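Read the structure below first, then the notes.
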Amino acid sequence: MGCLGNQLLIAILLLSVYGIYCTQYVTVFYGVPAWRNATIPLFCATKNRDTWGTTQCLPDNGDYSELALNVTESFDAWENTVTEQAIEDVWQLFETSIKPCVKLSPLCITMRCNKSETDRWGLTKSSTTITTAAPTSAPVSEKIDMVNETSSCIAQNNCTGLEQEQMISCKFTMTGLKRDKTKEYNETWYSTDLVCEQGNSTDNESRCYMNHCNTSVIQESCDKHYWDTIRFRYCAPPGYALLRCNDTNYSGFMPKCSKVVVSSCTRMMETQTSTWFGFNGTRAENRTYIYWHGRDNRTIISLNKYYNLTMKCRRPGNKTVLPVTIMSGLVFHSQPINDRPKQAWCWFGGKWKDAIKEVKQTIVKHPRYTGTNNTDKINLTAPGGGDPEVTFMWTNCRGEFLYCKMNWFLNWVEDRDVTTQRPKERHRRNYVPCHIRQIINTWHKVGKNVYLPPREGDLTCNSTVTSLIANIDWTDGNQTSITMSAEVAELYRLELGDYKLVEITPIGLAPTDVKRYTTGGTSRNKRGVFVLGFLGFLATAGSAMGAASLTLTAQSRTLLAGIVQQQQQLLDVVKRQQELLRLTVWGTKNLQTRVTAIEKYLKDQAQLNAWGCAFRQVCHTTVPWPNASLTPDWNNDTWQEWERKVDFLEENITALLEEAQIQQEKNMYELQKLNSWDVFGNWFDLASWIKYIQYGIYVVVGVILLRIVIYIVQMLAKLRQGYRPVFSSPPSYFQXTHTQQDPALPTREGKEGDGGEGGGNSSWPWQIEYIHFLIRQLIRLLTWLFSNCRTLLSRAYQILQPILQRLSATLRRVREVLRTELTYLQYGWSYFHEAVQAGWRSATETLAGAWRDLWETLRRGGRWILAIPRRIRQGLELTLL
């Protein structure tokens, strides 16, 4: 049994030692390479800052190198804040470039248009002009018309099938600058912008309206900006970063991308606005790859740049734009028809058939595709219907929006049988006709129309086709349709879908064996050259936690230096914005970015300060680690992996750290209060003496109460033992207290103080003068206290008497000195007073004399002036005499 007890004691001791020396505590690390997803605004950087849309972007120095990270991260091109911001920002630029400012609602009136032109372009058709369709037995044209750079029809705009531009001249009457008089105006419209009523065949004019009048109020652009492409890149604010999936197998969604790189800015991109195709993209490679939506069949296909696919569009004619003043403040841009120009058109260059064939082969190999493997059954098709931007290929050419009918192009690429098509569509050509609209449907927000003033002159634009927007549908493995799409937003998912915006979280929590932070001798290191960039410390993101923790000082310094550098660049841009009268979408983003960066840094420092770890790279605390079973593998785990493991503990640890810091501050406050005892002068402070007196009174009262309690306890103990105190009164003062005894009990004999009588009564003594005794003892105690206090005060007086005498003598000497100085001051003041009085008298006499002289001079001058007429009269009298 004894051996078992010894073993149990040894086990308890070992457990106690283990609990003392093996407990782990929370340690705060600042500068760890970790991050989390973010949704804050990005800002732009560009080399070409002389265009209207990029004046407020940061200058692009091209130094945006990428660092490879040994981590695994998830990427999604559709659920992505970078692509969503790009779509919204480009839309804002698009809307700003054609921002309306003049209401054209007065033009929603009846216009008289040339009937022959309205009949020609299919707006009206009387009963006498109806023509029958061509007979089915007519020969079908299957001619393949191809054009290239050397074709003569390109320069002359007379390639086969191209017609004149569909323009109609109209007249309307309304009030002009003179509101009480009407005026007739002439205006030229595109046929697609008008809607006409069916008129009589004898009329020479058709009644037409603007086709927007039944939907909304159109406004005309009043600035000189046109929607031209803008090249720029997105950059993350300080404290944030952009991760990119560098895996060639990435197809728009990858939950575990192992090839991750980090940078502060994206690649350069262009503001594309077109349907069906993407132009001048930056993602083209020597391969064809597909971004496929994770939940439906929306795709964006990047075309192989090896095939050199191009599209060149042209709007022929020397168009003239004439502003027409409708009324005060309203100007409408008119287009007088000098001669009938050819319609706009586009032709396609490059190996398009080979490119489309490779697209089909890539679709077959894609893991999401489960349709037919026969590429002959995969067809490129046009959408069935909808808005013009869907049924036509819609693009912008230097401010003019072209709507191109793509039947000829699809027939040529797919080698279709054209015998069953309409007469005008029975051709295989590598060029397509286009028509122009001035009233367009916007691509980002539904139901809003804008009016664009046309550009003058001959317009030509050349583009490189880099992507294809399509929906891929298949049925039971028989047929697969690649239906061209009008989702303009998909272009930016291809451009930026491999990026991901993250917020750098440099504060990490991990358990260590050190309980508190101890400061040792610090050595001042020489300042080294700043080599790492703002994101340099993320290079250790794939390293183990132990290795990354060894460079926290340099990493945190790099983080702060990068924030300061980017803040200075943003500040320069904000200063330049003060000179601008009009801000683009980048103006507010730059301001938001600056505020976001400052807020993030201050937030991190405030959090560290709340834990008592401000401006420390490694901060040990007194908070025990809450989960002993969860510890990091310092040699294998990365900080990003560790942050994911302890994410559920972060809130609890944060609360414990704050509570520990509050307790630490309370302890420091109490410690600071004790520091006042180090100063000898504080001992003579009046407030301190009052405290000392209070403490003395408390001690005296405590001693008195303690003595009384001890005495009472001793007295009660002796009374319970049956002994009479030695200071009790003599027997004559005893008062017998009779008690009734049970007759059946035997009588006690031999009891001290008892006569041995065997009756039923007995008595025991009680001190009747006990109160007198207490009073005498209290008087003695008070006398002792009085004598001691008197002795203390007399000795204090004896000690303080020489000090008071010296102080009195010093005060007397000071008084004598002050009285002497006061006498000197009084004498000096009297002398100064007399001098001032003498000066005043002298100045008064001088001024009085000067005033008399001045008055005499003025009086003589006045008399002389008044005597001038008299002298003149006297002179004339002498002359006449």
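The chain as shown is numbered from 1 upward.
Backbone N, Cα and C atoms are what each Cβ position is placed from, and that goes for glycine too.
Here's what Swiss-Prot has on this protein:
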| type | residues | note |
| --- | --- | --- |
| DISULFID | CYS44-CYS57 | disulfide bond |
| DISULFID | CYS101-CYS222 | disulfide bond |
| DISULFID | CYS108-CYS213 | disulfide bond |
| DISULFID | CYS113-CYS170 | disulfide bond |
| DISULFID | CYS235-CYS265 | disulfide bond |
| DISULFID | CYS245-CYS257 | disulfide bond |
| DISULFID | CYS313-CYS346 | disulfide bond |
| DISULFID | CYS397-CYS461 | disulfide bond |
| DISULFID | CYS404-CYS434 | disulfide bond |
| CARBOHYD | ASN37 | N-linked glycosylation site |
| CARBOHYD | ASN70 | N-linked glycosylation site |
| CARBOHYD | ASN114 | N-linked glycosylation site |
| CARBOHYD | ASN158 | N-linked glycosylation site |
| CARBOHYD | ASN200 | N-linked glycosylation site |
| CARBOHYD | ASN214 | N-linked glycosylation site |
| CARBOHYD | ASN249 | N-linked glycosylation site |
| CARBOHYD | ASN286 | N-linked glycosylation site |
| CARBOHYD | ASN308 | N-linked glycosylation site |
| CARBOHYD | ASN318 | N-linked glycosylation site |
| CARBOHYD | ASN379 | N-linked glycosylation site |
| CARBOHYD | ASN636 | N-linked glycosylation site |
| REGION | 528-548 | region 'Fusion peptide' |
| REGION | 673-694 | region 'MPER' |
| SIGNAL | 1-19 | signal peptide |
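Swiss-Prot feature annotations superimposed on the structure.
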residue: CYS57; record: disulfide bond; Cβ within 10 Å: 24
residue: ASN70; record: N-linked glycosylation site; Cβ within 10 Å: 13
residue: CYS108; record: disulfide bond; Cβ within 10 Å: 13
residue: ASN114; record: N-linked glycosylation site; Cβ within 10 Å: 16
residue: CYS235; record: disulfide bond; Cβ within 10 Å: 24
residue: ASN286; record: N-linked glycosylation site; Cβ within 10 Å: 7
residue: ASN379; record: N-linked glycosylation site; Cβ within 10 Å: 15
residue: CYS404; record: disulfide bond; Cβ within 10 Å: 22
residue: CYS434; record: disulfide bond; Cβ within 10 Å: 26
residue: CYS461; record: disulfide bond; Cβ within 10 Å: 20
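Counting only the Cα atoms, the space from ASN37 (N-linked glycosylation site) to ASN114 (N-linked glycosylation site) is about 61 angstrom. Comparing C-alpha positions, CYS170 (disulfide bond) sits nearest to CYS313 among the recorded positions CYS235, ASN249, CYS313. In the three-state DSSP classification, CYS397 (disulfide bond) falls within a strand. For CYS397 (disulfide bond), applying a Cβ distance below 8 Å and a minimum sequence separation of six or more within one chain yields CYS313, ARG314, ARG315, ALA344, LEU459, THR460, CYS461.
Here the CA atom of CYS404 (disulfide bond) lies 20 Å from the CA atom of ASN379 (N-linked glycosylation site).
In this structure the alpha carbons, written CA, of CYS346 (disulfide bond) and CYS434 (disulfide bond) are 7 Å apart. Comparing CA positions across the recorded positions CYS113, ASN158, CYS235, CYS245, CYS434, the one lying closest to ASN636 (N-linked glycosylation site) turns out to be CYS245.
The Cα of ASN249 (N-linked glycosylation site) lies closest to that of ASN70, out of the recorded positions CYS44, ASN70, CYS113. Once Cβ contacts within 10 Å are tallied over all protein chains shown, the disulfide-bonded residues CYS113, CYS245, CYS257, CYS265 are led by CYS113. For the region 'MPER' (673-694), the model's average pLDDT works out to 67.
Nearest in space to CYS113 (disulfide bond), taking C-alpha to C-alpha distance over the recorded positions CYS57, ASN158, CYS245, is ASN158. Taking a C-beta cut-off of under 8 Å and a sequence gap of six or more, ASN308 (N-linked glycosylation site) has these contacts in its own chain: GLY349, GLY350, LYS351. Cα spacing between CYS265 (disulfide bond) and CYS44 (disulfide bond): 9 Å, rounded to the nearest whole number.
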